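As given in Swiss-Prot:
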type	residues	note
BINDING	C64, C67, H90, C93	Zn(2+) 1 binding site
BINDING	C80, C82, C106, C109	Zn(2+) 2 binding site
REGION	121-245	region 'Required for interaction with IKBKG'
TRANSMEM	138-158	transmembrane segment
TRANSMEM	175-195	transmembrane segment
ZN_FING	56-116	zinc finger
Amino acid sequence: MTTGDCCHLPGSLCDCSDSPAFSKVVEATGLGPPQYVAQVTSRDGRLLSTVIRALETPSDGPFCRICHEGANGESLLSPCGCSGTLGAVHKSCLERWLSSSNTSYCELCHTEFAVEKRSRSLTEWLKDPGPRTEKRTLCCDVVCFLFITPLAAISGWLCLRGAQDHLRLHSHLEALGLIALTIALFTIYVLWTLVSFRYHCQLYSEWRRTNQKVRLKMQADGSEGSQHSPLAAGLLKKVAEETPV
């Protein structure tokens with residue numbers, strides 16, 4: 001996780017209010033001087049969420065340690081051994097984090113999650129906004145393949161027709177040269193096609209291995225709610241005790 005100019009594990013926040021990289025984002029929110037400005041990113045640098053928490057905004061309950069939102073739209077879970085504010089997380093946020101980081105354990109307490117991984121399809125790889133150089137190379141290779149394939153076929157056919165004509169005229173040396181040229185042409189074409197195909201297959205296989213769809217295996221929905229209720233009660237009690245009357 002990258003937080004401003006600092007690096008922390010998911011769920012931790014650092015004071016980056018003086019960072020010039022986020023000054024425009026802070027001014028646009030209208031929250032005044034921020035207490036925390038945090039960006040949650042995956043290992044490959046993709047931004048997962050940006051969080052700005054103001055000094056005047058008190059914490060009125062548990063929130064997700066990844067997206068830093070409460071349990072308004074989705075219930076919070078405590079699937080690992082983390083306690084306190086780091087123990088609550090949305091199921092969808094955790095699944096997205098595990099998929100982006102290509103891990104199956106909590107990076108704080110190292111608890112192994114029961115997950116189900118499913119590989120992504122070829123169309124998802126083509127639509128993925130990954131490195132532009134890979135997509136550009138793929139487009140260039142496809143265009144070259146569509147252009148070179150008919151060109152190689154026509155050139156080989158013309159060379160063989162010329163070799164037949166020279167054989168009728170008893171010009172064996174010229175016919176042998178045209179046959180050798182045809183063999184060399186098709187050898188180069190086949191080698192280039194195989195190398196390009198293998199290169200892109202390796203890229204696709206690596207992408208599928210590191211970008212799998214992760215589904216967190218929990219018990220029943222009722223147990224998820226009961227699993228979180230002690231955590232929520234403890235946090236609310238702690239906040240109530242620390243709040244001056």
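Indices start at 1 and increase along the chain as displayed.
Note: Cβ is positioned from N, Cα and C throughout, glycine not excepted.
What you are looking at is a predicted structure, and each value in this text was computed from that prediction instead of being measured.
The helix, strand and coil residue counts that DSSP assigns across the zinc finger (56-116) are 14 helix, 8 strand, 39 coil. Taking the Cβ of C106 (Zn(2+) 2 binding site) as reference, residues of its chain lying under 8 Å away and at least six apart in sequence are, in sequence order, C80, G81, C82, F113. If you measure from the Cα atom of C93 (Zn(2+) 1 binding site) to that of C109 (Zn(2+) 2 binding site), you get 17 Å.
For the pair C64 (Zn(2+) 1 binding site) and C109 (Zn(2+) 2 binding site), the C-alpha distance works out to 16 angstrom.
In this view, C80 (Zn(2+) 2 binding site) is surrounded by 19 other Cβ atoms within 10 Å of its Cβ, with every protein chain counted.
Taking the C-alpha positions, the distance from C67 (Zn(2+) 1 binding site) to C109 (Zn(2+) 2 binding site) comes to 19 Å. Between the candidate binding-site residues, C67, C109, the densest Cβ environment within 10 Å is the one around C67.
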